[in-house]
Structure formats: structure tokens, C-alpha cells
Amino acid sequence: MKSPSPASINILSALALALAVTLAVLFFAGAPPLTTLAVLFGGGLDSTASLLKTFSSFIPLFLCATALLATYAAGLWNIGVEGQITLGAVFAAGFLRLPDPGSFPPVLALILALAAAFAGGALWALLAGALRVYGRVHEIFSGLGLNFAATGVTLWLILGPWKRAGMASLSGTEPLPEAFRLPGFAGKPASMAGLVLAVAAFVAVVWLLKRTTWGLRLAAVRQNLKAARLIGLSPKRRLLEAMGLCGGLAGLAGGLLVTGLYHRLIPSISGNFGYTAILAVLMVSLAPVFVPVSCFFFAVLLAGAVQLPMALELDSSLSGVIQGVLVLAFLAAGRMGIGGRLTGDKT
Amino acid sequence: MDVFAATLAAVLFAGAPLALAALGETLSERAGVINLSVDGTVLFSAMAAFVTARATGDAWVGMLGGAVAGAFVAGVLAVVGLWLRAPILAVGFILTLLCRDLAYFLGHAHARQPGPDLGVWTIPGLADIPFAGTVIGRQSPVVYLSIVAVAAASFFLYRTRAGLRLRAAGESPRAAFARGIPVERLKVLYCLAGGAFSGLAGAAYSLGVKPGWGHPQGAEGAGWIALAIVIFGGWRPSRVVLGAYFFALIQVMGIHLQDVLPGLSSTLFQIAPFPVMILTLLFINIRRSGRFRDAVQNVPLLGRLAGKPPAGAPGALAGVLDQDAA
């Protein structure tokens, strides 16, 4: 709006604003501010065990944020990532429950299970994409509705066809056999394979978006749908491709949650990673370089928040409050200063 | 007959908060502001209303607290989204997540605690009439509030000068501005008013329909349904309220069906409105599409079966919600 100021001042003012609001929230909740912040950040950083816990959230979060880069590049408001994670988890668990997946070598079975997860997530995303492209249902509503529908599918499976022998409980399905679990790290379920997959997916997506004709076409579709149609870029297909890629990666995250972390299908397996990833991507104004940083920061908050109920009798939702406040502060600071780089070309 | 009356009463009861939230969003969107934060606003103000009611011992002060909390959230949206011009869909969505977590965090100390609620009003005379008495004679005050709110919103939008200016601002901001209507100021005003209505909806949950506060509260997802209801109702208060009752009916039916079909989990019925929401939007949008209009030209019966399509989005929103991705 006014004379541009250096980006660093914006970042600092955003951080200061976020800190001030967080302290105010702690004050209203009657919590000791410094101790609370120490528990929150210490719980995600202060030991190898904490760091591994942080990484087990970082992997799905980073994958989902990467996935979102694809749909944001197409100008799509995909808030259906939660459901896409869930369907990925369902497909992976379903594959490993096939009558005899043991006839495959375990490594092959795991790879196929993750491929099934990718397909499951892509399917759910394409459903939302088709509703948008052919049915003109805005993707916010289809995505959200499909999130709830995915929860319904998991609950039905866990309490119905896939219930544990003799009892149906919300604790989840029968645990996977040892052979079908992704190897953990130092005995903790933070899988190296998952991390490698997430980083590879990130590099691939950034390359696709920044260095290929496909990425350029997506950008054209985002910036002007009508013009893109007139010059023959077939926006329908591009939008569906972006949705499919995003859903596939989110589904992969779901598959990793099943094979690498929970080792079974549980009711809310998507664990809010889909929504948190939206915040992580928005916070850095869709600048891919910073996505790993914001995801790691949010993962620290998520891991630390688990300590809050035990250590201070506070609700663990504080991490979500801090995330939301930070993203809002960055949006506001960005508009006051450098601006321009945000998602808002259309609103 | 008794079962029918009881079901109607239950629908009015369950639909009251949905109607309030959807009416608020109707006002806001009529002025050209899409407030995606409704779901978070409802939860945050449910918490604020319950805590205020506990602190003062008066459920009606709690209702006021809820309305203020809702307007406050809308105020944040107005500052960041309207004044600083950050993308308003993004801000609304962030606020939804933020308010939900803020509600759980700040409300933690009040979770599962006893507190005042609005109780039930008995309308003298009306309550003694056989059928109507069951339906509307003995109800929570939030039911009467929602009915009054619909009538007031309808009258305001279509029968007053201020309502005309509001519709003009949302329909065609540039033309309205040229005619001397302060479009930006009206946007902020109705964004706040819409937030206050969503706040009343939250208070209606925690003080009436689902008394108390906890994590989860039981009103999760209601705000999203309200957003869909606005589209379902074609941005007209009377139809919007019918939409609210329609979705409330689905929820009530779910509870009834649970007894008939005990094999299906109750949680499955809680999510039932969402697939219905998608199908409704699909149906509405297909009726508005050009291809459907062509089909009606060839097969007039189709048009008679589908009825008249509801009005489209206000001009200022049409590009955002009614987009054509062909």
C-alpha cells in the first residue's frame, strides 16, 4: 500500500504480533506464559525422542503441504486434503488385509500398499475435482463434504466389516503384522522411508511446477481460466490433473500413517494434518522454499502440544491457536508491507 | 399425529441455530462478503456464551456474549480481509481453524461444568391447542428467536431502504458506489452483523440446543452446513430457513433411524448432512447450467419436474461461487 519496507521487518512484526496475541490468549486462559511456551517448544525439541515425535508429524504434514502446492498452483481451493489422507489410509490398510498379501515379499507388499494409498487419495480428490469441473460445485464444499464422508467410511469399516475379532471398538482395526510395518528409527515410529518419500515428492512437485510446461499451463489456468480455454489449454483436464496429483500425495501420507505410525486404521487417522498443511502453506505465501521450514515449525508445535494436558492441565489445542495467529499475522503483515505475493489474485 | 408433531418440534429445535447462522451469512454475502469463518465462529461464540452465562448466572447475558464474540471474529475478518485486502476466503478459513482451537483452549476450564441454559418457554393459549401446541407451544426461546429473525431479515432486505442499499452494494458494487452508496462501509457493517448472528447461533447451541460446553461440543460442522444452506436457499431468508429445517430434518431422521437400524453407527448419521449437501449443490448447479436449459427446451416435462431454479449468487460473489470451469 505505502512505501515498501524490507521483508525482514514484516517477518519480525508478524512474529511480534503473533507472540503478543499468544501471550494474551495464555493470560485469558490463566496459564503461566513462559512455562507454557517452554513446555510447548521443549516437548517437540528437547530430546531425541521429542525430535523423532516431531518428525513423525513432519512427514505427513510436509507431504500434504507439497500436495497443496499443486492445487494452489491451479488456483483451486482444495480443503479436502483430510479426506484424501483418510482414503489413502483406507486403501493401504485394505490392501494389506487382502486374503494373502503375505505371498508378496514384504517390501513389495509395502510398496503396493503405498501405491494403493496414492490411488485412494487421488480417487477422492478427483471426485471433488469432477464435482467442480462437471457439476460446478465449489471445491470448498465438495472437499469439506468429502472429508466428513471419509470419516464416515473409516468409522463404518472399523465398526463393521473390518472390526477386530470379537469386538468392535473405536480403537481401530487389528494391528498390522510386523512384516508390513515400515521400519522405524531408533525404535520410534518415525520412518526414514517416509521422510525420503516426502522430500522426493517435494522436489518433484516443485520441479513440475517451476520447470515444466505443465506447471506453466497450470499457472495460466490459475491466472485466467477463460483465456486459458481460448488458447486451448483445456483447463478442465489441468484442474483434474492438479487435483489428482494433490490427492495422490495426500493419500500417500495416509498410507505412511498406516504403515509407518499407527500400524492400523484408526477413526480420525488424518489427524488434522490436512487442515494444518493449508495453514503451513498459507503462512509462507505459497513460496515453496519456505514450506519445509513452516512444516517443521508446525510439527514442533504439534509434538509439544501433546505435553500440555499432562504438564499444565491445558487443552492441547494451543498449538492450533498459535498456528492460526501466526498465519493471520503473516497475511496481515504481508499486506501492510511487501504484499503482492499472496494467493489473492482472484478475490 | 403425535409422532409427526413431535418430529416437527424437533426439526424446529435442531434447525434454530442453523437458521440463525445461515441468516447471518446471508446478510454478509448479500453485501458481497463471503465469511468462511462461520464454523469456527459458531464454536467460539458457543464457548463465549457459555462462559459468560456461567460468570453472570444469566443465560440471556450469555446470548449477548455470544453475539459480541461472533461480531468480534467478523471484525478480524473485516480488518484483515476487507481493510488490508488479504484474500478473504483464506482469512475466513484460517479464522475457522483458529476460532475452533481458541474455543477449546480458552473453554478448557469450563468443560463439562454445569451452567445456566435458556430453558423452555410455554406460550399461554398456544400451548393448549392440540397439534400446534406440541409443535410450537412449548419450545426453547432460541426457536422463537430464529423465527423472529427470519421475519425481520426478510422484511429488512425487501421492504426497507437500508435493505435495498445492502442488496445494491452486493449486487453491483460499482454501480452502487456511483450512486453514492458507501459500499465498503456497508460491507464492514453487514460482515459484523452476520458475525453477530453466527454468534447467536453458537450461543443457541451451548445455551439451548446442546446445553453446556466441552471438547467436542457437538456443534462441529454446523457452520459449514450453514454456508451450504445459504447457497441452497438462493440467498433469500425465507428459502434459507427452509434449508435449515431440511438439514435439521436429516439430523432428526438420523436419530429416529438409529432405533430402527441399530446396526448402523450413530456417527454415520452425524455425517449424513454432508453428502446430502454435496448432492443438493450439484442439483442446484445442474439446474442453472446451460446444458440443462437446453434439455428443458427439448423436454418441457423436465423443467416442470425440477421446478424454478433458485436465484443466483449476488453479483459480487457470482465469480467466486458460481464459476464456470468449462
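Placement of Cβ uses the backbone N, Cα and C atoms for every residue, glycine included.
Taken from TrEMBL as is:
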TRANSMEM  A:54-74  transmembrane segment
TRANSMEM  A:81-98  transmembrane segment
TRANSMEM  A:104-128  transmembrane segment
TRANSMEM  A:140-159  transmembrane segment
TRANSMEM  A:190-209  transmembrane segment
TRANSMEM  A:239-261  transmembrane segment
TRANSMEM  A:273-306  transmembrane segment
TRANSMEM  A:318-338  transmembrane segment
Q: State the non-local partners of the transmembrane segment (A:190-209) in its own chain: residues 6+ outside its ends, Cβ under 8 Å from one of its Cβ atoms.
A: 52-53, 55-56, 58-59, 62-63, 66-67, 69-70, 73, 114, 182-184, 215, 218-219, 245, 249, 252-253, 256, 259-261, 288, 291-292
Q. So what's near the transmembrane segment (A:239-261) in sequence-distant terms, Cβ-Cβ under 8 Å and 6+ beyond its ends?
A. 56, 59-60, 63-64, 66-68, 70-71, 73-74, 76, 78, 80-81, 84-93, 96, 110, 113-114, 116-126, 128-130, 132-133, 176, 180-182, 184, 189-191, 193-194, 197-198, 201, 205, 208, 214, 218, 221, 269-271, 273-274
Q. Counting only residues 6+ away from its ends, which parts of the chain sit with a Cβ under 8 Å from the transmembrane segment (A:140-159)?
A. 77-84, 86-87, 89-90, 124, 127-128, 131-132, 168, 170, 172-173, 265-270, 274
Q) Between the transmembrane segment (A:81-98) and the transmembrane segment (A:318-338), are there three or more C-beta pairs closer than 8 Å, counting only pairs 6 or more apart along the chain? A) no
**Q.** Outside the transmembrane segment (A:318-338), six or more residues from its ends: residues with CB under 8 Å to it
**A.** 1, 4-5, 7, 9-11, 13-15, 17-18, 21-22, 25-26, 36, 40, 272, 276, 279-280, 282-285, 298, 301-302, 304-305, 308
Q. Which sequence positions outside the transmembrane segment (A:54-74), separated from its termini by at least 6 residues, show Cβ-Cβ distances below 8 Å to it?
A. 44-45, 81, 84-85, 185, 188-191, 194-195, 197-199, 201-202, 205-206, 208-209, 215, 218-219, 221-222, 238-239, 242-243, 245-250, 252-254, 256-257, 260-261, 271, 273-274, 276-278, 280-281, 286, 288, 291-292, 294-296, 298-300, 302-303, 343
